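S.K.: Questions regarding the structure given below will be posed in turn.
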Amino acid sequence: MATSNHKKQYTTLSDIDHVLLRPEVIIGSTVPMEQTEYVVDENFSEILEKQVFVSEALIRIFVEVLANAVDNIHRSKGSSTPCKSIKIKIEDDGTTMIHNDGQVIKISKEENDGIEINGKKCSVYNHELVFGHLRSSSNYDDTVVRQTSGKNGLGVKCTNILSKSFKVIGVDPENKKKFVQEWTNNMKETSGPKVTTSSSKTGYTEVIYCPDFERLGNFSSDIIGIFRKHVLDVAMLASSEGVSVYFNDKKLPIKKFSDYTKLFKLEKESISITEEDGSSEVTIAFVERDGKKKPISFVNGLFTKHGGQHVDGWTKPFFANLLSVLNKPSKTYKDLKLSLKDVTPYFRFFVKSTVDKPQFDCQNKNMLKSPCLKYTIPDKIITKVCKWTSVQELKQSSFEKLLKGKDNNIIKTLNDKKRRPKVSVKEYDPANKAGTTLSEKCTLIVCEGLSAKTYAVAGISTGISFTGTDTKKGRDWFGILPLRGKFLNVRNANNDKMIKNTVVTDLVNAMGLTFGMDYSTQKSRKSLNYGSIIIIPDPDEDGIHIEGLVLNFFHHHFSSLFNPVVPNLKDFPFISSMKIPIIKVIEKPLKGRREIEFFTHEAFHKFKNENKWHKNHEIKYFKGLGTTKHEDVPKIFGKKMVVFNIDDNAHENMEKAFKDEEADERKEWLKQYNPNARTFDLDSPNKILQLNISTFINEELIKFSIEDCKRSLPHLIDGLKESQRKVIFGLKQWNGKNNIKVAQLGAFVAQKTDYKHGEQNLFDTIIKMAQTFVGANNIPLLEEDGQFGTRLSGGKDAASPRYIFVNQPPILNKIFRPEDDPILNYTLDGEPVFYAPVIPLICINGSVGVGTGFSCNIPMFNPSEIIDGLKQWINMREQGEKYVFKYKPWYKGFTGKIEKNGSGRYISYGTLSNEASNNGMYQYTVSELPINMWTDKFKEMCDQYRESNLIKTCDNYSEVTTVNFKISSEHELTIENLKLRSYIHTSNMVMFDHEGKIHKYETLNGIMQRFCKERIKIYEKRRQYMLQKLNKSLTISENKKRFMEDVMNQKIKILLQEDEVVHQQLLDMNYYKDDEGEFDYLLNMNIGGFRKKNVDKLISKIDDLKKDIMWYTNTNEGQMWLKDILELEPFI
């Protein structure tokens, strides 16, 4: 009889094994995952959010023991033995100790039901029951008041189960006993309780455990930071009860709730409220709009990550009362009303509550589900909040948005219009058969501007075929709509804004679209004026963006159009794009002529690398549709078509690319960009290419976003944005000795580098690069001549670009060494991918910008300190040591103070001096303003202070470069109440790194270390290049000298000789051939070169070349760098 090998289908687990096998059901997953958590630094000086990699269970087993200690504060309250201290200690091996005094667990077997073993009731000590057996608790009696976090009798036992060892020590002074018991092997084994006598007068409970790291993962610095946050929570909660909290023997300095909330570094106004019976306390803070700033809340000492009823108990009455005040009738805003969504993102709540018998969402207790709580918001609090400057600004901006969105019926009005194929749209040429029974066979061509329209008109007579047989031609079948202006990102726009965008409405009217219509049926498709759309964009990143915006419009509002339901449309897809080449190479061999078209830069570069480049090759760049001649249009019109197809991930990718709320996902998307990881090849020989929307987003549209960031974010190596780099390149190309008008230089740069974003942007860039007032540049890269703006208004008072001049300052070539130019990588537009400055300009001049998905704010630092640090780094590097850069921000000409204020933040202070009092009035002088506060702005602030009676008078004696305000007041004035301070952050230092990827640097040291490592490599590259260049020059010079001697000594006969004979002589005598394999450098020498003085010059040149080669041979890259630094220093 055969035996069965089938496993048992059903089984049971012990309580312990159930926790070990399925921990996520009770305590949380043991699998480490990336998530956002609050962490605290070693000094307990700041609480911040951070992405960490951690298993939830590892955190929870710590919190469960800690929560028991907090619960004991409440149990001990009002007793003869109140809790006075809680101590937490974490050893290097992960062993964790949590100790608390106060009321103790009695060392007795008389106060519990015991446990059942083999069907028999056995008495056990309270400690063994509480810490060693699941579902044991003192919290099951719901008839008594319970203001603790414990409820289910599971928490600390899970810590025991998920630990390799777990020990509990209890001292009971009343019974004069000490209890010790240790469990091992995940609570499966125990050495048994040991009870001894104790003379200690202070009772305590102490838990010592070592987590099962094999299951949970090891402690990291981030995890310890999370533990500190939970310990800090305990210190805050315990402070009101006079309980001291220690972490690793260090007492935490939290004395009240406000001390705790300050650690979140709130920069705006805040206010605190305490419920009359003391059961709850809240701090309400105004914050910059950020929907991810969740409330910070606690129930009975337990951190509730997701809030709950205690948070709602404050937020609901607060926002109800706030809106009732903000929405009072107004002549300006009439019947408009703000709603919750207009104000809630701007307030953050910090809540601490004590609740009887709390009910949570799960064992992890992230949210309070009941009881329902209602707290009281006094009217005076709402009055104060409404007077906050931030709230006033919010009120005004929110009502302005409502005013703009008042007319929400425009779409309905538009849809109610009858279908009119010959709609009046400026510059639109409708197809003759559009809107007829043959409209489904018509195609609307969408292009950019009138020059692109001309291209389309020239091309439609050629026609387009997607099958190779049925070619449609002419105006009967093709309509042409040139887009006039910027196409709206409709995914973030309300209906009013969308319909007011004429570019969108032109497309809607031309197509005959009806909002809300389902176009998945043949009948609904026939209602359109056109059956398909072809986009003809410019062949650049901006053209890709237009494609994306049009696709986004149809996907968001008319996604059913992507599904072909009309049989004829299978051969003519609904939406496609016509591509034109960006580069044409015209080969000019002796016989014949070949033209090769390239649709991507990558394909062109590959061709150049794989083919020998001939001087007769001609290159033509197509910068836009307007660069194509009329006679050339038929050759390329419709020859490369890309068909857009919907795919399963299209919605997710469209949201990622265009939706405001997906900002974090967009950042990660851009960070991971790899231009070499491509699956779509536009240079494929196929005429018709199929492209999924997801692939378009991730491989094509991302190029626009990256280019947008290049315009907005600086590069780590040269510290320049794209436009700044183009200006430096253009100025070097200009190479004029005289000053040049800003307007002239801008036009020259635009022409030289094919800058596509308007000369006005270049004018602004040039002006900013030359400005010298406080806060503009520590080292201006251009020399100003004229009025370039002052600190009066932050440079906005600059004169017109037509009237002011710039020049190349002497320092420019000391920072950007011309010797590096040959070894830099260059773009197709001509300028370097990045320059290689001798010093890190990114740290010296800083940078501010906003791009797609990213912004940056990099402070300025002292060039002298940076240079000293570079010298130290170079010297210590050669000794095998590492230098750490630690400097605080510095702004040239600033006379105030800059002080560190927590991690990643500094405060700049203006200067306020107290003069002698006069007639009961305080007299003050303001002689400096904080960074980025301009003189005119402070004058406006003083006018407001006078209206609010903070000050009495304000006399302005400031000049263009200095600040001087004389202020009198009946009150004592401070830096704080005059707002003479501003924050300088180092928490958003985003830039392109050495690999061309977007990277956020956390510290100045991180930037400097990477800059130094990359810069030293460039010096070595320069050294090798110079040696190669010098050796080649030496070889040529020595060959010239030998050639002169051989000719003069008649060893070589060249007079009346055939070329072949001369060449053979040179070959036989082993003369050096040039790069072309020729001897032209010898044979083209002028006969005057054979005169003695020229021979002497050549000999002197050879000696100089040998000296230079010797110098570069004996000098390492660090010494080269130091030499450049020493030459630069006198110009700083």
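Cβ coordinates come from backbone N, Cα and C, glycine included.
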S.K.: Of the residue ranges 79-88, 939-948, 979-988, which one carries the region 'Interaction with DNA' annotation in Swiss-Prot?
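M.R.: Region 'Interaction with DNA', as annotated by Swiss-Prot, spans 979-988.
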S.K.: Could you state the CA-to-CA distance between ARG666 (site 'Interaction with DNA') and GLY155 (ATP binding site) to the nearest Å?
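M.R.: On Cα coordinates alone, these residues lie 39 Å apart.
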S.K.: Just how many other Cβ atoms lie inside 10 Å of the Cβ on ASN489 (site 'Interaction with DNA')?
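M.R.: ASN489 (site 'Interaction with DNA'): 19 neighbouring Cβ atoms within 10 Å.
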S.K.: Across the whole of the domain 'Toprim' (442-577), what does the mean pLDDT come to? Round it, please.
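M.R.: Value for the domain 'Toprim' (442-577), mean pLDDT as a whole number: 86.
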S.K.: Whole-number Å only: compute the distance from the Cα of GLY155 (ATP binding site) to the Cα of LYS667 (site 'Interaction with DNA').
M.R.: 38
S.K.: Who sits close to ASP540 (Mg(2+) 2 binding site): which same-chain residues at least 6 apart have their Cβ under 8 Å from its Cβ?
M.R.: ILE582, LYS623, GLY624, LYS756
S.K.: Between the recorded sites LYS486, LYS667, LYS721, which lies closest to LYS157 (ATP binding site), Cα to Cα?
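M.R.: Going through LYS486, LYS667, LYS721 one by one, the closest to LYS157 (ATP binding site) is LYS667.
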S.K.: Which one is closest to TYR803 (active site, O-(5'-phospho-DNA)-tyrosine intermediate) in space, judged by CA to CA distance, out of the recorded sites ASN489, LYS667, TYR755?
M.R.: TYR755
S.K.: At the Cα level, what's the spacing in Å between GLU448 (Mg(2+) 1 binding site) and LYS721 (site 'Interaction with DNA'), rounded?
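M.R.: Between the alpha carbons of GLU448 (Mg(2+) 1 binding site) and LYS721 (site 'Interaction with DNA') there are 27 Å.
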S.K.: For a quick check of packing: other C-beta atoms within 10 Å of the C-beta of ASP538 (Mg(2+) 1 binding site), how many?
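M.R.: Other Cβ atoms found within 10 Å: 24.
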